[in-house]
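Engineer: Before I ask anything, let me first share the structure, which is written out below as C-alpha cells.
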Amino acid sequence: MTSKHWVLGCLIVLLLFLLVFFRKAALQILTPWLAPIIWDGTYDLWILNNQFKGKRIGLFVFAVKRYIGFLLPFLESAEHYFMVGYNVTYYVFTDNISAVQKVRLSNGRILKVLKVEADKRWQDISMKRMQILVNLTHDRLPKEVDYLVCADVDMVFNDHVGAEILGDLVATIHPGYFLAEPRQFTYERNPASAAYIPYGEGDFYYMAAFYGGTVEEINKLSTFCHNGIVADKKKNIEAVWQEESHLNKYLVYNKPTKVLSPEYIWDTNLPNGDLVKKKRFLAVHKNHKEIRN
Ligand SMILES: CC(=O)N[C@H]1[C@@H](OP(=O)(O)OP(=O)(O)OC[C@H]2O[C@@H](n3ccc(=O)[nH]c3=O)[C@H](O)[C@@H]2O)O[C@H](CO)[C@H](O)[C@@H]1O
Ligand SMILES: [Mn+2]
C-alpha cells in the first residue's frame, strides 16, 4: 500500500466515525411510518390555519391538591400562546373548585371547572386522568370539541403552540430521550404488566405531559390505558411510569399520525437544549416531596 492509499483509508475511517457520531444530532422530521415530526421551520402556519379553521379545541388538565397552585400560570400562559384565534375550552378537573382563581379569557375561550375526588397517592391522581378521559370523551366532548389536548398542569406555555399540533393522534417525544436509542427507553419491561413492551419494539419514548387528537382517538387511547391500569391493579402491580407507560404501549401499536418534537415539552434542567431552538411548553420546577404529599 502506498502512503496515498493510507491517507485515503484514514480519511474514510474518519468520515465513517464522524457520520456515526453526528448521526444522533441529526434531528428527524419524519417517522419511519411517514408521520411528520413537528419542529419550528417544518410547516407553514398560514396553510395549516386554513385547513383547521373553525375547529374547536379542548385543553384537558388536572389540578388536584397542591397542584392547584400551578393552574393560574398554566392558564394565563395558554391564553398567550395556546391555539390563539381558535375556540378553546379548558376542562380543569380539581378537588377544590372554590380555590380556582379567576382568569381573563379572550373571546371564544371558556373555562369549565369540574370536580374530581382526590386520591391519596400522586400516582393514582395522575393515572385517574385516563379514567376521567374515558367518560369525558364518550359523554360530553363529542358535542363540544373537535380536538382534545391533554396536558400536565405543572407547565407553562412559553412560545407559539397552534394548528401545527392538530391531528388524529398526536404525541410528544420525551425531551430526555430524543437522542436515546430504543434500548434506553424506560418502557415498562415487566411482562406481567399490561404496559409491557418487549425490547426491540417501539420507536420513540413519548411523554404523557402533552398529547392529543380527535375526541374519538383520545377515547380509544384512554380506554386502552385505563383498562391496562385496572388490569395491573388487580395483579397488585403498577407500571414504572404509570399512565405514561400505558400511553407508550398504546402508541407502539397504534402509531401517532403526527409526532411533536421536544419543542413541545421542555425542561431547562435537561442537556442538549441548544438543539431545541423553540421551547414552547416548559416544565415548572417543583419540589416533588413538598408538592406531591
Ligand atoms: C420525568 C418524570 O418524572 N416523569 C413522570 C412524572 O411526571 P411529572 O413529575 O411531570 O408528574 P406530575 O407530578 O406532574 O403529575 C402529573 C400530573 O398529574 C396531576 N397531579 C398530580 C399529582 C397531584 O397531586 N395533583 C395533580 O393534579 C397534575 O396535572 C400533574 O401535572 O410522573 C408522571 C405521572 O405518572 C409520569 O409518569 C411521568 O413520566
Ligand atoms: Mn408534570
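Any Cβ shown, glycine's included, is placed from N, Cα and C.
Below, the features straight out of TrEMBL:
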- Phe62, Ala63, Val64, Tyr67, Asp152, Val153, Asp154: UDP-N-acetyl-alpha-D-galactosamine binding site (BINDING)
- Asp152, Asp154: Mn(2+) binding site (BINDING)
- Glu244: active site, nucleophile (ACT_SITE)
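How buried are the listed features, and what sits near them?
Structural biologist: Taking the Cβ of Phe62 (UDP-N-acetyl-alpha-D-galactosamine binding site) as reference, residues of its chain lying under 8 Å away and at least six apart in sequence are, in sequence order, Val92, Phe93, Thr94, Val116, Ile125, Ser126, Lys128, Arg129, Ile132, Val153. DSSP assigns Phe62 (UDP-N-acetyl-alpha-D-galactosamine binding site) to a strand.
Contacts of Asp152 (UDP-N-acetyl-alpha-D-galactosamine binding site) defined by a Cβ separation under 8 A and a same-chain sequence distance of 6+ are given as Val61, Ala208, Ala209, Phe210, Ala283, in order along the sequence. In the three-state DSSP assignment, the secondary structure recorded for Asp152 (UDP-N-acetyl-alpha-D-galactosamine binding site) is coil.
DSSP classifies Glu244 (active site, nucleophile) as helix under the three-state reduction. In sequence order, Tyr206, Met207, Ala208 are the residues near Glu244 (active site, nucleophile), counting only same-chain partners six or more apart with C-beta under 8 A.
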Engineer: For the UDP-N-acetyl-alpha-D-galactosamine site given as Phe62, Ala63, Val64, Tyr67, Asp152, Val153, Asp154, which other residues of the same chain have their Cβ within 8 Å of the site's Cβ centre?
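Structural biologist: For the UDP-N-acetyl-alpha-D-galactosamine site the neighbour list reads Val61, Ile68, Phe70, Leu71, Phe74.
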Engineer: Compare all C-alpha positions of Phe62, Ala63, Val64, Tyr67, Asp152, Val153, Asp154, the record's UDP-N-acetyl-alpha-D-galactosamine binders, and send over the largest distance in angstrom.
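Structural biologist: Across Phe62, Ala63, Val64, Tyr67, Asp152, Val153, Asp154, the widest Cα separation comes out at 11 Å.
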Engineer: Near ligand 2, which of the recorded positions Val64, Tyr67, Asp152, Asp154, Glu244 are found, taking a Cβ distance under 6 A to any of its atoms?
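Structural biologist: Passing the 6 Å Cβ check against ligand 2: Asp152, Asp154.
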Engineer: Can you give me the same-chain residues 6 or more apart in sequence from Val64 (UDP-N-acetyl-alpha-D-galactosamine binding site) with a CB-CB distance under 8 Å?
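Structural biologist: Looking at Cβ-Cβ distances below 8 Å from Val64 (UDP-N-acetyl-alpha-D-galactosamine binding site), excluding near sequence neighbours, one finds Phe93, Thr94, Asp95, Val116, Ala118, Asp119, Ile125.
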